[in-house]
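Copied over from TrEMBL:
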REGION    A:1-21  region 'Disordered'
TRANSMEM  A:38-57  transmembrane segment
TRANSMEM  A:63-90  transmembrane segment
TRANSMEM  A:97-118  transmembrane segment
TRANSMEM  A:174-193  transmembrane segment
TRANSMEM  A:205-221  transmembrane segment
TRANSMEM  A:227-243  transmembrane segment
TRANSMEM  A:255-283  transmembrane segment
TRANSMEM  A:289-312  transmembrane segment
TRANSMEM  A:374-393  transmembrane segment
TRANSMEM  A:399-420  transmembrane segment
TRANSMEM  A:432-451  transmembrane segment
C-alpha cells in the first residue's frame, strides 16, 4: 500500500503501449492523434519535406558553412518534425519499431543526402582508402614494405574485407560502395549501440533516448569508408558483448574473434579497446581476469607478425609521443588554429559547443543517477577512459576527435540519464521538455561540425573525371604533382606513381620557386627517374589551400596561370573544375 | 519438417532465387545483395547461438560476427597471396553453414518422444537477459 501511494515511486508503466483509449474519446482529435498512424506517417512526411527542401540545390553553391548553406526552412522543419516526433513517440510509449523508424529515417536523411546530392564520393581520404582496395583487387595481396600508404598494408583487415565485398558486388572499384558507407556504418552503429545500451540498462526510454543523443552529438565524421569506422562498430559490439552476463568459456571465442578483427584492421582502436576491457574486468562488470591478457596478446601478436614491417621502424615515433599529453592534444588544436574566417570559426566552435553541452549534461546525468551504483560507475568510466588516448598518441592531430568519438556513446547514455526521473520510471512531460531543450542545444553544433567542411569534402564529377584521366593515362613511375592532397586522388594504381603535394612544400623554398613556378616544375619533371607525369590542379585543392594559412592567397591560381602561359606545359585534360597539365618535353602517356 | 516449415523454407528459396536473378539482371541489386550478405549473413547462425532473445540484439551480433568473418577471410587470402573472390565467397558460405550446424550432441530429455541422441542445436550460453517482471522497464543492472 505504501508503495502504491508513496510520492516517489510510481506504478510501473506497461511497455506494450499507451493506456487503453476510452470507448468514446472526448474530442475527435483524441482518436486521431492516439493512433500510431500519425506517428508512422511523420518520419515520411519529414523525409518528403527534407527532399523538397533540397530540390534544385547545387552543391557548388556551398559556402563557408558547407551543406548548411543549402538548408532551407523546409529542411529545418523536417528535422524538427523528425526529432520532435521521435521524442513525442518516446513520451507516448510507442513501440520500438516506430522509434527505430524515426532514427533510421534520420540516418538516411543526414548521411544519405551527400551521396544523393553530390553524385560522387565525398572526402579525399575515402578515395585513398578506395585506392588500397584497388591495390588488393589487382594484386591479390598486400605489400607491407611499400613506400606509400604502408600503414594500410600492415593493418589490412578492412581493406581486404572491402576488396572481397567489392569483388562479390561485381563493381570495378569500391567508389559506389564507399559513397554509401556512412549510411551503412551509422545504421550498423545504431543496432550495435542498442545492443550495448541494453547491456547497461533495460530501461527502453534511456536506451532510445541515448541512441538519439548519440546521433545528434557525434559530429566527428569518422563514419566514412575507413578502417576506423569499421573498427569502431566492432568495438561497440565487443563492449556490448562484455556487458552481457554469460559463461566465461562462452564469451572467450567471440571475444577473441572480435579483438582479432579489430587488431588486424586499425591501430588506435585496439588501444582504446584494451583500456575498456581492462576497465570492465577491473570493475567486475565482466568476469575473466585473462581477457585483457588475451586481448593484449592478440594485438601484440599482429603488431609483431603481420605488421612487423611498420611496427619496428616506427616504434620510436610511438614511444616519443607516449606521455606527451600537451603535445598530443595540441596536434589536434593546431589543426584548427589556422582557421580565421567567420565561417570556419563557426564550424569549429559549433563542434566544440556540442562537446561542451553534452559533457555538462552527462555530468548532470552522473549526479542525478549517482545512486544507481555500478551502472553509473561503468558508464562514467567508459566515458572518461578515452581521455587516456591523449597520453599515448597524437594520431596525426586527430586524437581529441577520436577521444570524443569513443566517449560519445557513454556521454549520450548519461545525457539520457539526466533527462529521466531519478526513479528511472516513465518519461514525463518535464523529461520530454528537458530532452527537447538539450537536443535543440546540441543539434546546431552537430550540423556545423558534420556538414561545415562539406565545401572541401565535396568533389564535382569534373574533378573526379580529371583525376581518373590523369591516373589512367600516366605511365608507371610518373611524377604526379598535386596542388594539395584534397582532391579525389590515389584511387587507381596508386602505388605506381611518385607524389608531390605543392601545399606541403617548405614555406621558405615556396617563396623562391613561386616566382617562376613553371620553370621549377619543368625542372622536377626533367629528372630522368620519372617516366613522365602530370600536374593536377582542382577546385577542391584551391578551397583547401585557401582555408589554410600555410600558403599565400591565390597560391594555386598563380601556379595554374603560370602553367597556362608557359611553353613547357600543355593542358592535357580540362574540365570546368580541374586542369591536368603535362610537361611538353616528356611524353607521359601510357 | 511440418507444413509451416516447408512453406517458410520454400519462401526463402524463392526469395533467394529471385534475388539471384535480379542480381544478374540489374546493376544495383548485386552490390546490395553482396553488402547484405557480407555484413549480415555469415554471423547470423553464430549470433543465434547466443540466445539473446531480443531480435535487435541478435541482429547486432550478426553484423559484428559477419564483419569479422569477412575481414578474416579477406585478410587470410591477401596475406596468404591466394586471392580468389569465389573462394572467399565459398569460405563465407561455409562459415554461414557452420553457424547453423550443431556443435555437440546431448542426450534427448526424458520428455522427448524421440529415443537415443539428438543433435543439440543450442550453443550452451547462459541467457544474458535477466528475468524481469512484465512491465518493469527500469531493470537497472546493479
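Including glycine, each Cβ sits where the backbone N, Cα and C put it.
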Between the transmembrane segment (A:255-283) and the transmembrane segment (A:374-393), do 3 or more CB pairs sit under 8 angstroms, pairs being 6 or more residues apart?
yes
If we skip the immediate neighbours and take only residues 6+ beyond the ends of the transmembrane segment (A:432-451), which ones have a Cβ under 8 Å from one of its Cβ atoms?
65-68, 79, 83-84, 87-88, 90-91, 110, 209, 212-213, 216-221, 346-347, 350-355, 357-358, 361, 415-416, 418-419
Below 8 angstroms Cβ to Cβ, which residues of this chain, lying six or more residues outside the transmembrane segment (A:38-57), approach it?
32, 70-79, 81-82, 85, 88-89, 92, 94, 98, 101-102, 105-106, 108-109, 113, 117
Report the listed stretch (A:174-193, A:205-221, A:227-243, A:399-420) having the maximum count of Cβ pairs within less than 8 Å of the transmembrane segment (A:255-283).
A:227-243
Report the listed stretch (A:205-221, A:227-243, A:399-420) having the maximum count of Cβ pairs within less than 8 Å of the transmembrane segment (A:174-193).
A:227-243
Do any residues, 6 or more residues outside the transmembrane segment (A:227-243), come within under 8 Å Cβ-to-Cβ of it, and if so which ones?
129, 152, 155, 157-159, 161, 181, 185, 188-189, 192-193, 195-196, 198-200, 251, 254-255, 258-259, 261-262, 265-266, 268-269, 272-273, 276-277, 280, 285-286, 291, 378, 382, 402, 405-406, 409
Should anything in the same chain at least six residues away from the transmembrane segment (A:399-420) have a Cβ under 8 Å from its Cβ atoms, list it; otherwise answer none.
193, 196-197, 200, 203, 205-207, 209-211, 213-214, 217-218, 220, 222, 228, 232, 235-236, 268, 272, 328-329, 331-333, 355, 358-359, 361-366, 368-369, 376, 379-380, 382-387, 389-390, 393, 426-427, 431, 434-435, 438
